[in-house]
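Here's the structure we're looking at; comments come further down.
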Amino acid sequence: MSHVSEMWCYHWKWKLQQCLCLFTTYIICMQQTAHGCYDCRTVLTDPSGVFTSPCFPSDYPNSQACKWIIRAPHGFIIQLTFIDFDIEEAPGCIYDSLTLDNGESPMNLCGITAKGLSYNSTGNEMIVLFKSDFSIQKKGFNASYVRIAVSLRNQKVIIPQVPDIDAVSVAETVSVPELRQFTLCFEATKGSSDDNDDWKVFSYSNALLTELLSFGKSAKGHFLSISGTQCILKNALPRHAEFFTGTFQQLCVVWDSFWGTIGIYAKSTYHVVSCPEFFNKVIPGDGRLVLGSNSNEVSSLNGDIYNFRLWNFTMNAQTLANLSCDVKGNIVDWENEFWSIPTSALKAENNLSCGSYLIPSSSIEPTSCANLGSLCQATVNATTPTPPTVTTNMPDTNRNDKPNNGGLFYRISIIVSSSNPNSVSKVHDVVAEWLNRTFQNWNYTVYVVNISIHPASIREGTRQKRSIKSFSALALLVYNATNNINLEEEDIRQKLISNNRTMEEGYQLHTVDVDPVEKCLAEENPPNYFWPDTRPTVTNITFCHGSSVQTASRTCYLGLQNYTSYWGQPDLRNCTENAADIANQLLNLTGEGQQLTSDKVNDVNYVVQKLKKIANDEEIDESLGSTVVTIFSNILTSSDSVLAASSSEALKTIDALALKIHFTGPSMSISTRNLALGVSSINSTSFKGGSFSVSPQSNASDFQIDFDKDQTSAFASVVLPPSLLKNLSQDEFEVISRAQFTFFNKNGLFQ
């Protein structure tokens with residue numbers, strides 16, 4: 001007990017005159033907590049969930065000691081997101097705090113700046129610790145967690161810098177064939193502090209370690225090397241500037257030995273480089289491909305690599321421009337089974353271009369307060385003054401009036417001089433204590449967080465004694481506008497200036513700058529998603545494009561390095577496209593009174609691409625199939641010039657639809673004004689022939705398809721003889737399952 005008392009009095013030594021009284025209260029709280037808050041020490045193993053500080057959204061009780069262990073199976077990491085976060089702010093989080101142990105480097109969090117932020121574990125476990133002391137409670141936190149499958153889609157690879165030590169290579173089970181042409185795409189970064197201009201991104205060698213293929217950079221510029229011959233990619237990639245930077249840049253390389261050329265697709269631009277020395281070259285198969293250099297003579301790119309894919313055919317510029325994450329490399333793909341990668345080289349990261357994260361379910365695991373008794377309704381009444389935190393001293397009655405708009409943020413920049421030979425940490429404590437006293441008992445609910453101190457010089461040009469040192473202090477002031485009173489930056493500036501003389505002896509304030517933190521500016525990202533001007537830490541919600549139910553979200557974050565705002569990536573995980581909804585939208589777009597004209601070629605392309613996605617990706621029943629056929633019938637009313645660009649894709653999509661549509665019975669037909677589709681089941685072992693015919697319906701503008709009937713009034717008919725299947729191979733014979741008949745009343749697609 002005496003040890004606890006000593007520790008408590010050390011942190012609060014300016015309260016020593018009332019140490020005995022408050023220590024008694026502290027022990028009472030600890031006893032109540034130990035008996036009542038066992039539910040906040042638990043292990044969470046569900047795939048996703050939500051947990052909160054005790055009593056959330058009410059203020060958390062005094063003297064809590066909570067621990068959550070979030071655990072997932074091997075092969076997963078944990079992603080933790082703070083939906084709401086408000087814990088008593090103090091330098092170093094010495095009073096109340098949340099400690100996050102991600103398996104690599106524990107961090108202490110307090111204040112409000114963690115709101116909206118996400119953190120990833122490095123392994124399959126994350127530990128969250130929460131503690132509160134005997135006074136000043138806040139709202140606490142509300143956190144969600146989700147498992148993330150640790151596939152390569154969710155991880156980047158740190159390129160090894162020493163050959164054959166923790167090497168990253170294509171797995172031995174993957175056989176690279178002989179190559180006369182290829183398309184290769186990857187994303188990479190390069191360390192900003194690395195000035196080396198002689199490196200390789202990858203190297204492919206035979207069993208004798210003779211290099212057969214590599215890509216890198218030398219003093220002459222970026223190059224592609226085949227069988228020891230280098231082709232400098234001049235005009236396609238910069239020679240003296242860095243293409244790879246601190247953020248991922250995608251690069252695609254296309255080579256064809258027949259033409260002796262190299263295509264480079266980078267930053268949405270396609271360049272062709274002539275390399276006659278590569279004409280008729282052949283890259284032998286069965287080699288070993290490693291990321292980085294395969295020798296000590298040339299270093300590896302000092303950076304990370306992601307989404308390395310290799311095909312044994314060439315792609316044109318249009319294909320590369322539309323290349324999606326779903327297009328897998330047919331030789332090497334960015335999936336675990338293609339690679340041999342040591343754990344030390346893998347690092348999970350948010351916002352990778354092809355990352356696929358699980359969507360948290362609605363399951364909630366709140367921290368129970370059922371046994372806390374009065375702790376969730378009352379606070380400990382202490383007669384001591386407010387402790388020296390950097391928050392303002394406001395009455396408890398105002399604590400629950402927290403705005404939902406994230407508050408207002410101001411950057412405070414000051415220059416302080418000191419005649420005392422103190423360290424930066426001492427100056428930090430002096431400035432933090434002075435800021436706290438300056439804003440206590442003010443008319444505004446404000447507090448200061450994230451104070452940083454750096455040595456500086458007085459810019460006014462005034463002469464100083466050599467014994468006087470100057471320091472630059474940067475801090476963030478948070479204003480919770482609970483009473484809707486405007487707070488101008490000049491008011492903050494004058495408040496600081498007027499309290500200059502209250503700073504500790506030997507310190508003097510020289511300059512004061514106060515600026516509001518800018519909003520994230522309105523923008524459209526991605527297309528059809530509009531985000532208005534938004535204050536930092538605020539999350540905007542909007543409907544998914546084309547939906548009145550599903551929502552997307554985007555958060556305006558606050559960067560704590562320079563106190564500027566920036567947009568996070570839009571969260572479109574809920575915007576899953578429902579095939580039936582999309583089809584109905586397209587039906588409305590192409591229906592009566594919406595005839596597409598020559599001014600709307602892009603509209604037709606849009607419709608055909610959407611229908612293609614439905615036909616290729618979705619399960620199609622007769623109802624959905626009927627809607628798709630009706631849409632095609634509608635666009636057939638467009639002119640030939642409008643249909644020309646999409647004719648080939650449209651015909652292929654109609655064929656794909658006929659192959660996939662599910663129906664009951666021996667046959668099904670869909671008839672519309674300009675298009676009729678008939679599909680008949682075929683038993684290849686007992687096929688005796690069949691027929692299709694199309695004729696006008698009585699008193700209707702649509703057509704009628706008949707099976708196995710001879711229609712004398714038919715517009716068209718097809719007879720399938722019993723001998724139709726006789727010349728098929730055994731493999732073809734076994735997969736025959738249906739026959740398709742399509743009738744077009746317009747010929748605009750046949751150009």
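We count from 1, first residue shown onward.
Any Cβ shown, glycine's included, is placed from N, Cα and C.
All annotation found in TrEMBL is predicted automatically rather than curated by experts.
Values in this document were obtained by computation on a predicted structure and should not be read as measured data.
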Whichever of C66, C110 is disulfide-bonded to C93 when TrEMBL is consulted: C110
For the domain 'CUB' (40-148), the number of residues DSSP places in helix, strand and coil: 4 helix, 56 strand, 49 coil
Candidate with sparsest Cβ neighbourhood (10 Å radius) among C93, C110, the listed disulfide-bonded residues: C93
Stretch-averaged pLDDT - the domain 'CUB' (40-148): 88
